[in-house]
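Positions annotated as domain 'Nephrocystin 3-like N-terminal' by TrEMBL: 255-431. According to TrEMBL, the feature domain 'GPI inositol-deacylase winged helix' maps to 546-621. The repeat 'ANK' feature in TrEMBL is assigned to 763-795, 796-828, 832-864, 865-895, 926-958, 959-991.
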């Protein structure tokens, strides 16, 4: 309610409620001879109150353009508070009297006589007093002198009325003292003020109750929204960057790395220099490349904390981050990474509702698609970041993100996105080997600034001193001895934090000053030698510690994913031949870490166990065959033993924490060990096949547990096994690629080798198709030799040959072609009509394209949408060259009218090849020629190339709009300059006689920022 009209409308509702209650009372009093007297009096009081309400309604309507013009009635105003209280009283009265209304076919008189009057006398008297006082209050407001009170806060009105009443009482008291008769009007005024103050007291009490309820409702709403946002975040990604950041930043010593955020490079990139110089203009991406152990993660955590502090003082600034992790590769997909950024940005809202539209769309997407698609995630992220004046994205250890190309491309697109061109900045760390790759994404468009990062000497000194000061061994070293340790370690640090960390730990682990001095003198001076020394020390421990240390390293290194500390404790407790889990075999967390001498740590952010550093992982991977020759065999044996624990075990399935890992990964470890070793180590394939066949409903074996797990978590890595046929079960060793076990089963079970199976969203997936999909080529060869059908396809249309061609699996393609697979078979589902050649060309697999062409594949085969191999290959110039050599038609169109030239505008090498082989440079589709498409995308190099090759700078689209129009449509400043400098006409008209100026007025306001729009207008004006 904000104005007199709204107030009048509210009163109309109250009048209707009064009429309803009055109707009930009139009927009751008329029909029931024994109706109590208070019912008749209540009817009369209600009639009077209704009359006052009608007067007040008329008053508000009349004065909306008079005394009350421009008045605003807030939620805490006198009028709104009184009307709210009135509504609550009338509704309460209606609820009590509504039971007196006759229902059904009852005769009215008989009905009323049977009903008891629902209100006690004192309750009825109180209601009448309340109605009387409310009437007095409203009549008081109708006086001209009191108009202004209506919009004031009722608490202020009360204070004023209390003061008035106090003055009246003082006057009355004075008159009584001097024995002067009290005027009747003064007594009436005193009584009226008393009634009004009494009712306002009730209004205040009612308002306090309502505010308390509203506060509770708001808190519940906020809590519900927060819970919904958390649930939405979990749907977007399981990655939790905040936890990892907290884990790293809490381990950072105060002052470490402070020098970095004071450097000119950093401050220019962050936009924090205010000395008037523009050294950092155009530098929106800052990369720090450093050798292993240089302290990149520490610096990244410092940058994040520093920017977070800056954000507190700078209005509307957002800081997002991601820590990449070599040990979490399954989670590190481009979709999850974008989801992690989006999740963070949505949580920056403190209740303003700025992201409500985005959250609503995400909720709709969640209900519809089931997963957050990469393109959708990027779109939502861009929308969210546009809400900020400045945004920072910090990425640590980019080299540990294996599938980073798609992610990097999306970041580059974000940087060029309208509304983010000047506001978004990206910081990342990584090893030097990715420097050239990253530069390829950012140098041209975003001005990549890169530096080499090394551990700062003062930071190393601070770190080593801290470790010495924290030594609780009780060994007292002199200051000279301390200095010697610090100086020697700093001399060998070689720009790393990791090496000094391992060295100081090695020195401080010694039991005497003498052995510490000897360790200091003999310690390796480089990282690899230090690792070897650590392994030697682990193997030199007493037998029990040695075995536990080696087993721990073996599990941590060779496991298919990071293990939680509890999973590892279970794994280390298992012995060959165990029949049940022995909890007395669980090592403690401390003993588990101590026996590894610091090479293994517990990641508190995930409660998982990991190697101390990625460089240690690299070291082990080079030597795993020598260090752990039977590692996979022993882990496979442990997994199968764990899975074999049955109903006789005293632990239920929820406490079998290693069961999930064992079920999902035993086969991977079997595959990675030799068949001979497995046979010797786990008793042959009979054990594995026996476990596979263990489908007893009373067992905690493989299938019952896995089915329950699938139903609860909806995970389909191994498929949903809902039957017990041997052909269904056969898919398990197929999934793992266990060629030897598959052969054993084929020879000993009754199996349909082409039996289709459900894998997640795919149905009817045969063993051969599954083997090809997972790259199990030896298994695919076996299945083909055993007569598997080469042409099966699943519910999405995937075929073995097409899938192998698309994924670049040369060996599988050769196997399938040798088995006479149909080379021209077309795929259904999402890629309808795609052939093996189209799939291979689109993925840039030169060798496979050549193989398919040599085997007679049609060089101009078409998918259902008219796409040809040449069109798909435009991003891969070598493949384009091969296809053109084999006679591909350069001017074919797809169903939307695009040619290869138009589809390949971003690759100049491709454009050159196509034009040299007869492509028509002026060939156009609805939105113009290749030049228009390059202008629209801001591909300046391609625009210049096409102009140099004679492209018509005014070539119109179907509506007569030239390339300049498309450059302006996207606000591509440099492209507009390029076209105008080459003679483009800024006054060119389309078929309807409109110039680019008209189109800009209509279109650009929704396509580019205000600053960009201003630039375009100014620039085009300068050009005439």
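Every residue, even glycine, has its Cβ placed from backbone N, Cα and C.
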Counts by DSSP class (helix H/G/I, strand E/B, coil) across the repeat 'ANK' (926-958): 16 helix, 1 strand, 16 coil
Surrounding residues of the repeat 'ANK' (865-895) on its own chain - C-beta under 8 Å, 6+ positions past either end: 832-835, 837-842, 844-846, 849-850, 853, 859, 901, 903-904, 906-907, 909-910, 913-914, 917-920, 923
The repeat 'ANK' (959-991) - residue tally per DSSP class, helix then strand then coil: 16 helix, 1 strand, 16 coil
DSSP-derived helix, strand and coil totals, residue by residue, for the repeat 'ANK' (796-828): 17 helix, 0 strand, 16 coil
Secondary structure tally of the repeat 'ANK' (832-864) (DSSP, helix then strand then coil): 17 helix, 0 strand, 16 coil
